[in-house]
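**Student:** According to TrEMBL:
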- 1-114: region 'Domain I, interacts with DnaA modulators' (REGION)
- 133-349: region 'Domain III, AAA+ region' (REGION)
- 166-297: domain 'AAA+ ATPase' (DOMAIN)
- G177, G179, K180, T181: ATP binding site (BINDING)
- 350-469: region 'Domain IV, binds dsDNA' (REGION)
- 378-447: domain 'Chromosomal replication initiator DnaA C-terminal' (DOMAIN)
Amino acid sequence: MLELICISYNDYLIRGDFKVLDKDSLWQKLSTEFRKNTTDLTYDTWIKPVTPVDFDGSTLTLSLPSELHRDYWKEQLAPNLIEYAFVITKGNIEPKFILDSDIKKEAQKKEPAKADSTADDQDETFSFSKETHLNPNYTFDNFIIGKGNQMAHAAALIVSEEPGKLYNPLFFYGGVGLGKTHLMQAIGNKRLEDHPETNVKYVTSEAFTNDFINAIQTNRTEEFRREYRNVDLLMVDDIQFFAQKEGTQEEFFHTFNDLYNNDKQIVLTSDRVPQEIPKLQERLVSRFAWGLPVDITPPDLETRIAILKSKAKLDNLTIPNETLSYIAGQINSNVRELEGALSRVQAYSKLKNEPITTDLVYEALKGLKLAKANNELSIMDIQNKVASYFHVTISDLKGKKRMKSIVIPRQIAMYLSREMTSNSLPKIGKEFGGKDHTTVIHACDKIAEVIKIDADIRKEISDIKTALS
Ligand SMILES: Nc1ncnc2c1ncn2[C@@H]1O[C@H](COP(=O)(O)OP(=O)(O)OP(=O)(O)O)[C@@H](O)[C@H]1O
């Protein structure tokens, strides 16, 4: 990787021997490419309203006026942007999308606190509390109970009232977007509301791993241990990502023991039972089963309608009951997609300046509905699943980054698109950021070979296939 030598030069920065544009100049050049290659209507609707916010040499942050714009950019325009940017800068540029409303909200929030703000404050993610990293919206009040999550909900409530006693660790497992994180954080939020003195810590397993690696690199392992072992309630999300991380597992084992022996509460989530997490140490598997492992399954129709009703109320949306039932009937996979459908509908109604009716919803969700009616798995379904399984973005799958952590998921997604859909090789290539069909053939051959010798990848692919079928 070439070093960034920050020499300001008109609108250029110089990186190695490449010229790197600043955000406005880069965006101007990209807009010109889009104007050349799209219709006036597409340009005026989707590209013109975009504002460049930041460009750090590898990520271009763009602000968009609505959720609908964001969906459209992610699904349709991002691959073109990556390609145009590659031609312009000779580098891999990733787009990042934020909403104009988030920028406004953030500006308003910062305004009163300006006087005592610090550099650290500026790094905080929107609306997340600095100390605990809890999302304040993930509460028991906002959580709709249905058949698939009632056990998990009951256990969570008990743990929030009597941590460290009955179910330790509490272990939620289940598919993507079913509310594991929400429920876990609801425990933390309630505990803090009832007992503000409680020391609560929420991290993803990746954040734990990164903290640990940083601590080693900076000789601060003692500090790391003090931080993690001095809490009353530790929540670690998505622990399936501890798979194959020997050193982190070792450290987590000691963290776990320390907290457990001191009657501190541990809450964990994973997309599968501990026994199925590849290369998870046996002693961790058995410890995770000490408390209560409880699964969360997808919501039935009634629960989906109730969830939609509650989200609509939170967003002050007026939606007739039959329209809510219609939306709930269209999306039966997970709650995150249900929320996505609702925000797509909301944005569509704003754009058209019409009230939300079943007809309007039909139009807004047309693309999703068509895929469902044909009952065919789309390449997009596969990309979504693979991206969430490996925690990469859709842009990663469509882009050109050569890191192993991205290349393997990309090749797996191409392989599955070939295996599980009837799309031609050129069509698959096109859906992966306009790649040539020979790249797809190479990916398919590569994965077919790897499957023969690598049991972990074989298992991962089989998990994704099961989730897709
Ligand atoms: N029962 C529910 N009631 C209200 N909202 C819900 C419910 N279940 C899930 N959600 C919402 O769905 C979204 C996805 O949930 P969450 O992130 O908790 O899922 P997850 O199971 O942790 O997914 P992942 O495995 O991808 O991390 C969140 O916005 C959450 O608030």
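Residue numbers in this text run from 1 along the chain shown.
Here the Cβ of each residue, glycine as well, is placed from N, Cα and C on the backbone.
Predicted automatically and left uncurated, TrEMBL annotations should be read as such.
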**Student:** Which chain neighbours of the ATP site, leaving out G177, G179, K180, T181, have a Cβ atom within 8 Å of the mean position of the site's Cβ atoms?
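**Tutor:** Neighbours found: G174, V176, L178, H182, L183, T269, I296, V335, R336.
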**Student:** Please work out the number of neighbouring Cβ atoms within 10 Å of the Cβ of T181 (ATP binding site), leaving out its own Cβ.
**Tutor:** 18
**Student:** At 10 angstroms around each C-beta, which of the binding-site residues G177, G179 has the fewest other C-beta atoms nearby?
**Tutor:** G177
**Student:** My understanding is the cutoff is Cβ-Cβ under 8 Å with a sequence separation of 6 or more in the same chain; which residues meet that for K180 (ATP binding site)?
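**Tutor:** Within the chain, K180 (ATP binding site) has Cβ neighbours under 8 Å at A152, F172, Y173, G174, D237, T269, I296.
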**Student:** For the domain 'Chromosomal replication initiator DnaA C-terminal' (378-447), how many residues does DSSP put in helix, in strand and in coil?
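**Tutor:** Looking at the domain 'Chromosomal replication initiator DnaA C-terminal' (378-447) with DSSP, the answer is 52 helix, 0 strand, 18 coil.
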**Student:** Looking only at the domain 'AAA+ ATPase' (166-297), report the model's average pLDDT.
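**Tutor:** Across the domain 'AAA+ ATPase' (166-297), the average pLDDT comes out at 92.
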**Student:** Counting by DSSP, what is the helix, strand and coil composition of the domain 'AAA+ ATPase' (166-297)?
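**Tutor:** Here the numbers are 67 helix, 26 strand, 39 coil.
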